[in-house]
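What TrEMBL records for this protein:
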- 63-224: domain 'CP-type G' (DOMAIN)
- 72-222: domain 'EngC GTPase' (DOMAIN)
- THR112, LYS113, THR114, ASP115, GLY167, GLN168, THR169, GLY170, ALA171, GLY172, LYS173, SER174, THR175: GTP binding site (BINDING)
- CYS248, CYS253, HIS255, CYS261: Zn(2+) binding site (BINDING)
Amino acid sequence: MATGKIFQSLSGFYDVHSAGKIYRTRARGNFRKRKITPLVGDDVDFQIEDGDKGYILTVLPRRNELTRPPIANIDQAIVATAATQPEFSSNLLDRQLIALEISGITPIIYFTKTDLLSNDQWQSLQKIAAGYRQIPYEVILPEQAFGSASLAKLRQLFANKENVIMGQTGAGKSTLLNHLAPELALATGEISTALNRGKHTTRKVALLKVNDGLIADTPGFSSYDTLTIDYRQLAAYFPEFKRAAVKCRFRGCVHVNEPDCEVKRQVHDGQIMTSRYTNYLQLYTDIKNRKPNYKK
Ligand SMILES: Nc1nc2c(ncn2[C@@H]2O[C@H](COP(=O)(O)OP(=O)(O)OP(=O)(O)O)[C@@H](O)[C@H]2O)c(=O)[nH]1
Ligand SMILES: [Zn+2]
């Protein structure tokens, strides 16, 4: 028996790195019955067969996991966020940040396509970036797309860590990775100008070695699932709300209708971004009104 890490998954095969070698494995038949799906990033025990093939016996306990993209045991996520084309959506960004907070993965917000912005758009994006930095999140807003300063910053942030790059279809994930590590030569998509939407160029999740870190390129998404948390927990995944909440009059304040709510006060005073609060209220309502029988 050997132990290794799944670095790629495609059509039922899991490619595993173990002691400097690569093995193409399959999951054991009883995994499906037990509703276990091995994920890229998983550490596994596997049985070697025919030299470089094998089958997975056990998925070792996970530190964390994400469903979108499907990956496990990640330290940090680079949230590739298009400044335009597709248009910047604070709602989509906040949903991704919440999913990461829930999984205990550190987000890094990286704005792509800043070269396509007008002066006015650039100014307003700078304000947005400053707002996210106050939360505080690490934000990289390249003055020059793929400029050496922002690439160096990213390299420094993800050295010696397991990272994932996530984001909407066409956000520029593969393009960014190609700039970080040109030897990867990942396929990138021409954006469909008619729809202003990317074309889903990346179809699989793969963990790649880039400099001193590991980074997973992942397929983009065009929508994001409803969160499977209790609506009363939602505010805990907004770090700036959580900080303010200790001063709300009521313990368990959900910052909606309660009097003397510090979160609402800080929104009013401009310390908390209005867009974050609006997105909070929308998600809160969505989660509260969704049909029961959600697990977790
Ligand atoms: N002008 C400009 N174009 C960019 C930038 N980043 C990416 N693009 C373009 O945007 C399109 C989509 O880029 P990809 O890297 O394929 O996007 P992706 O996020 O990997 O897309 P999926 O694999 O479908 O999820 C390509 O045509 C890129 O050349 C950027 O910073 N500036
Ligand atoms: Zn409150």
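Cβ coordinates are placed from backbone N, Cα and C, and glycine is handled just like the others.
Automated prediction, rather than curation, is the source of TrEMBL annotations.
Each of the binding-site residues LYS173, HIS255 was scored by how many other Cβ atoms lie within 10 Å of its Cβ, and the smallest score goes to HIS255. Counting in whole angstrom, LYS173 (GTP binding site) lies 39 from CYS261 (Zn(2+) binding site) by their C-alpha atoms. Under 6 Å, Cβ to nearest atom of ligand 2: this is the test, and of the binding-site residues THR112, GLY167, ALA171, LYS173, CYS253, HIS255 it is passed by CYS253, HIS255. All protein chains considered, the CB of THR175 (GTP binding site) has 19 other CB atoms within 10 Å.
Checking the binding-site residues THR169, CYS248, CYS253, HIS255, CYS261 for a CB within less than 6 Å of any atom of ligand 1 leaves THR169, listed in sequence order. Here nothing among the binding-site residues CYS248, CYS253, HIS255, CYS261 falls inside 10 Å of the CA of THR114 (GTP binding site). Closest by Cα distance to THR169 (GTP binding site), from the binding-site residues CYS248, CYS253, HIS255, CYS261, is HIS255.
Within the same chain, residues at least 6 positions away in sequence whose Cβ sits under 8 Å from that of CYS248 (Zn(2+) binding site) are HIS255, GLU258, ASP260, CYS261, GLU262, VAL263.
Remark: of the binding-site residues THR112, THR114, THR169, the most isolated position is THR169 (fewest other Cβ atoms within 10 Å of its Cβ). For GLY167 (GTP binding site), the Cβ neighbour count at a 10 Å cut-off comes to 26, with all displayed protein chains included. In the three-state DSSP assignment, the secondary structure recorded for THR175 (GTP binding site) is helix.
Sequence-distant contacts of CYS253 (Zn(2+) binding site), defined by Cβ-Cβ distance under 8 angstroms and a gap of at least six in the same chain, are ALA245, CYS261, VAL263. Of all the binding-site residues listed (ALA171, CYS261), CYS261 has the fewest other CB atoms within 10 A of its CB.
For the domain 'EngC GTPase' (72-222), the mean pLDDT of the prediction comes to 87.
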